[in-house]
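J.: I grabbed these lines from TrEMBL:
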| type | residues | note |
| --- | --- | --- |
| DOMAIN | A:6-116 | domain 'CMP/dCMP-type deaminase' |
| BINDING | A:H57, A:C87, A:C90 | Zn(2+) binding site |
| ACT_SITE | A:E59 | active site, proton donor |
2 protein chains.
Amino acid sequence: MALTVHSHEHYMREALKQARYALQEDEIPIGAVVVLDKQIIARAYNQTERLHDVTAHAEMLAITAAANHVGNKYLADCTLYVTVEPCVMCAGAAAWAQLRHVVYGADELKVGFRRYGNLLHPKAKLLRGVLAEECGALMQEFFARKRK
Amino acid sequence: MALTVHSHEHYMREALKQARYALQEDEIPIGAVVVLDKQIIARAYNQTERLHDVTAHAEMLAITAAANHVGNKYLADCTLYVTVEPCVMCAGAAAWAQLRHVVYGADELKVGFRRYGNLLHPKAKLLRGVLAEECGALMQEFFARKRK
């Protein structure tokens, strides 16, 4: 991966901004950005509540927006940054989009895709744990609020 | 499942109509309908080419449309009919939507979700093989054309 560690954190901070928008709107706080040639071409946050749509995960919206941006459904040269380990649905979408680089923050042991094997594109490289603590803290804050 | 075998075939024929629209538009011919209280509340076909969007599978579009129709992201009382075994992405979406009944036509051994385990909702009942031959024949026709 050509990007430096500093860059990963930079882009993950942008994904975290998106996650905070979700938190403000009482959505599960997950954010994502898609990067091409060091430029962010798509930003999105989870909007399942607002849209009454289980498919409106941050990653799905970001992948759709990125494809619109480049005018191509394949995003092989792009990197997806997402604050939390993608679910099966989103990992499947990343595979179909042929995303070769996926970077996430916090592990999601319950509904993350990794327990089902490698669902990403066969050529995809996965980097985990970038700003994991901050990414995970947002989730904990959300669920702690919900329990009150 | 309360529906009779006759009913399954009836709804699968409607999904097949959708798949044929996809074929006409040179899309991979997969169609889906969502049924609630014996009524079809959503119909969709694969539009990944037209929309330049890998997430635009028939099932995804049908789930989103059904949720819009009922004004609720959960579709526990609905049945999804789809002509071909869903992929990992679509199975994940069906799980999030809590779909309790999923019926498909033809197996998809290469990219179908079943090789990864049960990705549907834990309470979901799966029925396979309804009009499998007709559903599979459309796929074969499409890929035979592509090879020419």
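Any Cβ shown, glycine's included, is placed from N, Cα and C.
Could you place the listed features in the three-dimensional structure?
T.: Taken residue by residue, the domain 'CMP/dCMP-type deaminase' (A:6-116) breaks down under DSSP into 45 helix, 27 strand, 39 coil.
For A:C87 (Zn(2+) binding site), the same-chain residues 6+ apart in sequence whose C-beta sits under 8 angstroms from its C-beta are A:H57, A:E108, A:V111, A:G112, A:F113.
With a cut-off of 8 Å between CB atoms and residues at least 6 apart in sequence, the same chain places A:I30, A:A32, A:A44, A:L80, A:V82, A:P86, A:C90, A:A93, A:A94 near A:E59 (active site, proton donor), listed in sequence order.
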J.: How many neighbouring Cβ atoms, not counting its own, are there within 10 Å of the Cβ of A:C90 (Zn(2+) binding site)?
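T.: For A:C90 (Zn(2+) binding site), the 10 Å Cβ neighbour count is 30.
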